[in-house]
Structures are given as C-alpha cells and as structure tokens.
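Asks: Dropping a structure here in structure tokens format, bear with me for questions.
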Amino acid sequence: MAPLTRKNPSKPQKPAAKKNPKNSKVKTPKDDSTSESEQEEILQQQQLENDVVDDDSGSDSDFSSDGDDPLVDDFLQGSDDEEEKASGLDSGSVSDGDSDSDDEDIETKSRAIDEEREREKEDADAEMQLNIKEESDEFRLPTSEELEEEALRPPDISNLKRRIEEIVRILSNFKTLRQEGSARKDYIEQLKKDISSYYGYNEFLIGALVEMFPVVELIQLIEAFEKPRPMCLRTNTLKTRRRDLADVLINRGVNLDPLSKWSKVGLVVYDSQVPIGATPEYMAGFYMLQSASSFLPVMALAPQEKERVVDMAAAPGGKTTYIAALMKNTGIIFANEIKATRLKSLTANLHRLGVSNTVVCNYDGKELPKVLGQNAVDRVLLDAPCSGTGVISKDESVKTSKDLEDIQKCAQLQKELILAAIDMVDANSKSGGYIVYSTCSIMVAENEAVIDYALKKRDVKLVPCGLDFGRPGFTKFRELRFHPSLEKTRRFYPHVHNMDGFFVAKLKKMSSSKPNSKLSEPSENEEEETELVEEEETGLVEEEEKPSNDLKENDIETSESKSKKEKRKIPPSKLSKVIKENGKESSDSKSKVEKKRKFPSKPSSDIKENGKESSKREPQKKKKKSQHKEEISKAREEKRNALRKNKTRGDKQQN
C-alpha cells in the first residue's frame, strides 16, 4: 500500500481524470441522442487531452495504467454510462416535446394558410362577378370614331366575341337592358358587322339570316355551321341488313351506332380505324355514304313497288338507289342528270349497289315532259339545284360567294322545274300522283315561295310529308303571305336536328287542268293589246255618256270617238292592222302605246266626213245605246278568246 499512498500526494486524482475521457471515447458511439457532428467534436477533444497527458509524463501514465484498480474503472465507467443514459433520457424527452410543439405549429400554420387562400378565392370571385356586372350594365355601342380606329388595326377576336355576346344579351331583353338613345336597329346593324367580321359572312347572307331567326337562335345556327355534321351510312337493303352490316364494320374497327328512330337503314359513324369509303363492304355495295338529310326526301316520296318514278336531279345516285331499294328493284326509275360529267358517278353507284330497274338519261329537267310525256309517271322527286345555304359546314365558300342575284336565279329555275315535275305526274294514278320538292337551302325564296307559286299555277295541294320531326314551313315572312297549307312542309336545321339545313314539301296532283293559267303573266304583245282594248272600251263609254251639245261644239272629239267606235266594230284579229294604218301606234312596242296615250292619232278622211254628219246621227245613237252595249260585250269576249289562243300558242312554243 506504500506505493499507492506515495502516488496520491503527487497526483491525487489526475490519472482517473485522464481515464474518464478515454472511457467516454469508447462509449460515445453507443449514445443515440448525440449527432455525428457532436461525436466528432468529442473525439477531437479526447485526442487533444490524451496528447497533453502523454507529453506531461510518460512514466506516470505507465504507472497509473499499471497500478489502476479495475474496480475503480468499472465504477467510473458505470457512472459515465448512467450519466449518459440520464442525459439521453432528458434530451429525448426534450426532443419529443419540441417535435410535438413543432407539429402543432405546422398544423396551425397550414390551417391559417388554407383559410387565407379560401378568403382570397372568394374575394376574387366576388370581384370578378362585380366586374362582369359592371361591364354588362355599362356596355355601350362603339362610336364611329372607335369603329374607324378598329378598322385601322387588326381585328381583335376576343373583343368581337365579347361584343357579340353582349349585343345578343341586350337584344334578348331589349326593353330593360337597352342603352338610352339607341334603337334596336343600331344594335342589329352592329351585330351584323361583328358577325361578318368574326365568322366571315358577306353582308347579304348575314342580313338574310338575321331576318329569319331570333338573335339567340341565329348565333346557335352560325356556331353549328362551324362544326362538321356526323358521317352517316345508308344500308343497301338489296344486298344486306343493317344489323349484319354493323357487326362486320365493328369487327373492322368502326365505331358506329344506329342513326335514329326515324330511320331503319341509317348508321352514324363516330370514328374508324379503316377508310370508311374503301372497305370491302363498300366496294361490294353493302352501303352508301350519304348524309342524314338526304334520307328525308325519299322517305317523304314513299315509292311503291311497280311504279314509274322520276328523279329529276339524280347524281351522284344516293336518292335514286334508295328509291330502288324501297321498290325492291321493281317498276322503273328514270334517273335524269343535266350535267354529263356527273353521269359517271351516277352509273357507277347504280352498278355497285346492284340497281337494275333504272334508266339513266341526260336532259334538261324542263324538257322532261316532252321526252317522257305529260301525265306519264306516278311519282316525281325533285331535289332542285339551290344556293346551298344549308350546307355551309361542307362548303364554306357559300359564306361569301352567294348574293341576292344568285338566290333569284335559283328560285326562277326551281319554279320552272317544279311546274315540269307536276306536268309529268298522272293525277289519275291509282297509287301515286305525288311530287316531292326538296332543297339544301334555308332561304324562303327557294322554298316556300316556290311551293306557293306551284299552288297558284297548277291544280295541286300540299299533303303531310310523313316525317314526325322538323319545323313547319313559313306561312308568312316579312311582307310575304303564303298559302296556309305551307305549314305542312318541313324545315331542318343543324343546330336543332344535327343535320344539314334542308327543306321538304310533298304535293298531290288533283287534276291535269291548269285552272290558274289566266293568272299567269302575259307577254308584252298581249299586255299591249289588252291596254288598247281597255282604252277603246273606255272611249266608247265616255262617248255614249256625253250629251249631244258637247258633240256639236267639239267635232274633233266626236271624230275621235267615232274612229274608236269603228275600230271597236272591226274584229280583234284585224285591229292591229288598223292601228298600224293610222300611223301613230303599233302593238309591237310599249313606247308607241305610250305615245298613243299622250298624242291621239289623226282621224282619216272617212272619219272626218263622218264627223261632219255626227249631228244627224245623234238621235240614232240614243236609240241604239242598247245595241252598242251588246256590241261592246261581244267585242270583249272575242278579244278575250283571242288572247287565250295567243297565250296557248306561246306556251306551246315555250315548251
């Protein structure tokens, strides 16, 4: 024990103090609470302390290491472990408390952020609604200066769209939303300009559409014209059934559905993985690519088996082949097409679909009654050539290419064609006697006006089309008034029925007579003759009503009246010759008729002599008043008969 007592005075606790860091150096990696950075710092400090101890005395360190008591080391080590555990528990509890508080702080902060965002969103929505309300309430039509500035700049599409929507909104409730001092006409004119600029229509066409539809429906129609119509197929029932065809096409990757309840043969195609117009089924004639609106005229015609049917404008053959399918290849169909270049597609489709009861011809439709004969067929389908204003989605050039002159030309041609169609139909047909008129136009001049013209010129009447849908035709449009039965016609629109704009009318021929031929427009020569007859008749009446004293005072008037009287006694056939002999007039020109009104013809010598003897014949005139009246009535009848004969001759020459 002497060495131990001798060691304590020199360095009482120093070796133990120096061993503690060494022991902690071994135990530090077991502490889970300390981080890696803290461990590195502790290791560095221990190394420095060890270096200092080694430098002080190597012998003392050896002595201390040799003479250390292991119990002391264990005790010291145990105390170190306990301290580290205690410190670890304390730090763990503190860290747990800190983490809980941190979680609570994050949760509250996130809630606050969410609430702030919701408030900002609500404020933004309220502000937007307020701005919209302020803008709509304060909408004003642009001034002329603003319009001039817009014309100098490129068109602002978003501004045009917004202005169109605002004008439509105001016109839909004009009384409450209109601008003070602005008339409806001002809004309409601005709407026309904006639509023309935004959608690319010309002034005439957009003006016609504005007259036909309310502004809200007008925008819907124009928007529908900007989208393509669905692709449709018509099953050829001469070769297959719709169910079988649909199964085959579905297997080929075609996505399709039945067209609608009103059609038993139609299919609508949404998309296809193969070219729908080049499948083996198409080549075999199992179906025809055909728009849904083209089904309607044939359905309205409803041809029966073994009938004689005429398709006056047949190419490319969609309607003709449909008629043949309904007739089951019986009877006979005359498929006429005026354009020779389109005959190739017509005949190709007839052969492809297996039609065998059709005769293809190439005539002007107006001449068909002469070729096929009048009252010779049971039914006629006239899908008349038109302006195409109902198929703008297929041909956008219609927006700018059509004007009033084009519409009038089409309407005139359609009137001539429908009269020819009526003349071909046999009114005494047991199963037929029907004419179907259709166009792919929505213009009133090409539809209702043509049917109304046919009702006046021929003994026909309108019958229901047999179609359960579609809007009725116009019975009045602006200043025009049509026959009330025109409500039996049907109109179809893309924004309502999702098909091309179309018009269908069905007529029944009652008799072969032409009761309203008297109302037809007379020729120029007939108008001149009727004017001359009226003038002569009025002259005779005035002459009879004048007293004898006036006749004595004015010999010129009596001579003129007598000359007219003598002309009246001349037969109507010789009347024009007498007028030419008098020198001032001829029935060949209107200008000479006008000259006769202003400057009466000079009386001939014979008339002058009769004028000298007028005073002697005055008593006789009074006695013969009744005879004059009879002569006047007879002359009128003769003249009317002559006009009728001339009219019939002119019609025959025109035909």
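Even glycines carry a Cβ here, placed using N, Cα and C.
Keep in mind that this is a model prediction, so the values were computed, not measured.
So TrEMBL lists these for the protein:
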REGION    1-128  region 'Disordered'
COMPBIAS  16-27  compositional bias 'Basic residues'
COMPBIAS  51-72  compositional bias 'Acidic residues'
COMPBIAS  97-106  compositional bias 'Acidic residues'
COMPBIAS  107-122  compositional bias 'Basic and acidic residues'
DOMAIN    221-510  domain 'SAM-dependent MTase RsmB/NOP-type'
BINDING   Ala313, Ala314, Ala315, Pro316, Gly317, Gly318, Lys319, Glu337, Asp364, Asp383  S-adenosyl-L-methionine binding site
ACT_SITE  Cys440  active site, nucleophile
COMPBIAS  513-522  compositional bias 'Polar residues'
REGION    513-655  region 'Disordered'
COMPBIAS  523-545  compositional bias 'Acidic residues'
COMPBIAS  546-563  compositional bias 'Basic and acidic residues'
COMPBIAS  578-592  compositional bias 'Basic and acidic residues'
COMPBIAS  605-618  compositional bias 'Basic and acidic residues'
COMPBIAS  628-641  compositional bias 'Basic and acidic residues'
Asks: Cβ distance under 8 Å to Cys440 (active site, nucleophile), same chain, sequence separation 6 or more: which residues?
Replies: Ser293, Cys386, Gly388, Gly390, Val391, Asp500, Gly501, Phe502
Asks: Are there residues of the same chain, six or more positions away from Gly317 (S-adenosyl-L-methionine binding site), whose CB falls under 8 angstroms from its CB, and which are they?
Replies: Met288, Ala335, Ser345, Leu346, Ala348, Asn349, Leu350, Leu353
Asks: Where the record says Ala313, Ala314, Ala315, Pro316, Gly317, Gly318, Lys319, Glu337, Asp364, Asp383 bind S-adenosyl-L-methionine, what is the longest distance in Å from one Cα to another among those residues?
Replies: 20
Asks: Which residues in the same chain, at least 6 apart in sequence, have a Cβ under 8 Å from the Cβ of Lys319 (S-adenosyl-L-methionine binding site)?
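Replies: Looking at Cβ-Cβ distances below 8 Å from Lys319 (S-adenosyl-L-methionine binding site), excluding near sequence neighbours, one finds Ser294, Pro297, Val298, Asp311, Leu381, Asp383.
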Asks: Tell me the residue counts in helix, strand and coil for the compositional bias 'Basic and acidic residues' (628-641), as DSSP assigns them.
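Replies: Looking at the compositional bias 'Basic and acidic residues' (628-641) with DSSP, the answer is 14 helix, 0 strand, 0 coil.
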Asks: How does the compositional bias 'Basic and acidic residues' (107-122) divide up by DSSP, counting helix, then strand, then coil residues?
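Replies: Its residues fall into 16 helix, 0 strand, 0 coil.
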Asks: Looking at Cβ-Cβ distances, which residues of the chain lie under 8 angstroms from Asp364 (S-adenosyl-L-methionine binding site) while being 6 or more apart from it?
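Replies: Those within reach of Asp364 (S-adenosyl-L-methionine binding site), by Cβ under 8 Å and sequence separation of 6 or more, are Ile338.
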Asks: For Ala315 (S-adenosyl-L-methionine binding site), which residues in the same chain are close in space, meaning a Cβ under 8 Å from its Cβ, but six or more apart along the sequence?
Replies: Glu337, Lys339, Arg342, Leu343, Ser345, Leu346
